[in-house]
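Beneath this line is the structure, given in structure tokens, with notes to follow.
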Amino acid sequence: MSKPGRRYKYEGLSSPLCAAQAGEEAGGAVRGRHAGLGRGTGARGSGRQLLALRSGGARRGAARGRRLRRWPGRPRVRLILFLERAAARPAPAPLLLFPRRPTAPMLPAAGAARWPPLLQLLRLLLLAPLSRSAPTVPGTGGASSELVVPTRLPSRADELAIHLSAFGQGFELRLAPDTSFLAPEFKIERLGGSGEEAGDERGLRDCFFSGTVNREPESLAAVSLCRGLSGSFLVAGEEFTIQPQGAGDSLDQPHLLRLWGPAAGEGQERGSEDPEEGDREDSGEAGGTRKLPPPSGPTNGTKAKRSVSEARFVETLVVADASMAALYSADLQNHILTLMSVAARIYKHPSIQNAINLVVVKVLIVEDEKWGPEVSDNGGLTLRNFCSWQRPFNKPSDRHPEHYDTAILLTRQDFCGNDGHCNTLGMADIGTICDPSMSCSVIKDEGLQAAYTVAHELGHVLSMPHDDSKPCVRLFGPMEKHHMMAPLFIHLNKTLPWSPCSAMYLTELLDDGHGDCLLDAPTSALPFPTDLPGCRALYDLDQQCKQIFGPGYRHCPNTSEQDTCAQLWCQIDGDEGVCHTRNGSLHWADGTRCGPGSLCLDGSCLPKEEVERSKAVVDGGWTQWGTWGECSRTCGGGIQFSYRDCKDPQPQNGGKYCLGQRAKYQSCNTEECPPDGKSFREQQCEKYNAYNYTGLDGNLLQWVPKYSGVSPRDRCKLFCRARGRREFKVFEAKVIDGTLCGPETLAICVRGQCVKAGCDHVVDSPKKLDRCGVCGGTGSTCRKISGFFTPTRYGYNDIITIPAGATNIDVKQRSHPGIQNDGTYLALKTANGQYLLNGNLAISATEQDILVNGTILKYSGSMSSLERIQSFRPLSEALTVQLLTIPSELPSPKVKYTFFVPNDMDFSIQSSKERTTPNVIQPLFLTQ
């Protein structure tokens, strides 16, 4: 029960959780906003997008209603909810981030004697130093504890002996130096402070020791001797942790020794770091798994490329600015690693459908703001400043131990989006993970909740859009609102933190090769904490209030039973009549003591034994391959897929995600399509004629494929240009599987990537077209036609008429050295006199594609030093090649032509003399 007269106030500030829930409780609604700034409206591939994560709180002055609520037994509780007005125009992607704590268990000593010292020292490094300002009292965290003063014993020169007396017994630790868990290039750098850049703190290497207890070979000790004695040891099936209570470095000071209870059964494995360890997935399909129909068509040419699950390592630089250093002081490093450990656990969940390892390779602590990036209230500018500032710290080589893939700035300063909303929690550009100049994010630190902002913004860097974005809704329909990338969250879905859409976009990023910078394993990484944060003094209730609300706040006493663990109430010193919280659900940190023998876990007060219960780590295994899916084409060579899932078993409790092939494909329906004069890509472009696009002149545009000017890596995007115009659009990020990559190749597109195929439309087939255009032929069924032409008159001079059925056409003329416009230009016209190229004295200066009833001829452009017309497939109709000649002082260059015709074709080269078109003494128009 609360004290009489105490008022409890909900403040709509920056909580990432449950604004909507709070609004529902009060009879209103609270809306958050996650605004898109900069270019683009979608995910990767549609332009760079700047995303700002904002909390559910409202701006000052945006309140439009208040609600009062009374709880039984309380004199009067005042609940104030600020309700944000809906924007005049819809925000690109509204979002609230949720601060549900990870549910990783306390780790008992199961099988500890079998653990190598390396792993115990890893755990040692993660033990948080106790807050010097808030001494721990015996019993904190739910463990049995006693205050002890360690005693150094005489020992050999190569070892250290320490005696502890507690719980009615003595403990003799025999220790030797051990730095095996620290990578050779381990670095923590500090900028400013003393006015110069600090080194990598190699003194840390002298801190760590491991050994045995009471000379028992099955015991293990892993401790640090810097700042007193801290660490853990295991003996006789029991686990103990020890930490100093004073501020000095001496052993001769009180230390808190905790007993964490007996170890579990002999065969039980060590506890997991996975945040979802208490839950299992449903036995049904995970989101995004495809149900494939029975196979159709031939099953030749099976191929397994891309779609490979490989271990990915997101190497991270974490920068803490001066505001962070001022608040956390000596506890800052531990706080940073705690935040990153929570984010790393989320990325370990199998619902992400990839093996993602988040690692910290370097921490930069800015102790003087003059040395750090400029942080202002303009969030977009802050992000740009930080992206620019961090570049010099990144080593160019991906193999360098200090190279990182993304940079994260943690700050306590408030910043706003460009729309004026100043409740922004984080900002990042979307799909920039392997771009050193853009792969960065800015996070507003608000205690442990910032870990979820880190996970969310990193999701954007990894190309994940919001779950309510148009692409996600189009592919998966409306999804539940409890995933990591949802725009408005009440809580995180523990069994499915990542939506199928998030998993799909991440998988596409990796399969398309845009995440290859993540393939190299780091040579050095900072280890993450493994215990529950609430068990450490850094995150006791008073510290949680201070981190969320700011200095001067502490926990409100006399919290009601229903709010214990579920709602954190804080008060500021000097105003004890009012208790504050944020929105409707602000949980206590997991591991916070909530009663005798009880700890908080996910907003509930549970027996300590249940919270600390260790669960076996289960690595994932692949299921059998599924049936072949539907063919992507009805003729001409399509693609069909078969899939397998990482569900046999599914990874649990931090177990590894499956590595290897997740999908395989094969060719299908390889028979030739009936001739209709249109290529498969042309049919895909024509589909957009129905959308009635109009040009600037108001005329409807007709769309045809665009090949010229498209980079090789974009050949599997659907580029279409308006017929007879310069306008073009990218209508689809990927053409339909089985589409040719270009007119000059047999390679086909599969999931947006060009893969080798034969002329028989089978993936990886060695069959090729011979010079006669025959698949798998020997080149003996045709003959070569070639010749030269030099114009003698001005105007359009006929060079040669190439018959239908001709293949491998190549017509070229080379300009004089250093001269681009030499007065001669290649031209093409049909049998009925219609010009396809450079007719009517209008010259195309740049390269272009010429479509002739399904056949593509490529033109280099008149500005090229080698003007050229080429075609590789059989010509569908006869075309006349001409040379336009205008008066010039330069001698006319020779035109060379070659092509092949069937042996049985009656064809001879006709003289083109005397066939000219005069009247060229007119302006000559160059078109771009």
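Backbone N, Cα and C define each Cβ position, glycine as well.
Note that this is a predicted model, so its numbers are computed, not measured.
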Candidate cysteine (Cys594, Cys673, Cys685) that TrEMBL pairs with Cys635 in a disulfide: Cys673
Cysteine from Cys517, Cys565, Cys570, Cys579 that TrEMBL links to Cys545 by a disulfide bond: Cys570
Listed co-binder of Ca(2+) 2 (same site as Glu315, Asp520, source TrEMBL) among Asp398, Asp435, Asp602: Asp398
Cysteine paired with Cys579, where TrEMBL records a disulfide bond, from Cys535, Cys556, Cys600, Cys605: Cys556
Using Cα positions only, nearest of the recorded positions to Cys556 (disulfide bond) (Glu315, Asp398, Cys434, Cys668): Glu315
Least surrounded among the recorded positions, given as Cys517, Cys658, when other CB atoms within 10 Å are counted: Cys517
Cβ neighbour count within 10 Å of Asp398 (Ca(2+) 2 binding site): 15
Mapped DSSP class for Cys545 (disulfide bond), helix or strand or coil: helix
For the domain 'Peptidase M12B' (312-522), mean pLDDT (0 to 100): 87
Nearest of the recorded positions (Asp398, Asp405, Glu457, Cys517) to Cys579 (disulfide bond), judged by Cα-Cα distance: Glu457
Candidates Asp405, Cys517, Cys600, Cys646 (recorded positions) with Cα within 10 Å of Asp398 (Ca(2+) 2 binding site): Asp405, Cys517
For Cys387 (disulfide bond), the three-state class that DSSP assigns: helix
Other C-beta atoms that fall within 10 angstroms of the C-beta of Cys501 (disulfide bond): 27
Inter-residue C-alpha distance, Cys422 (disulfide bond) and His466 (Zn(2+) binding site) (nearest angstrom): 20
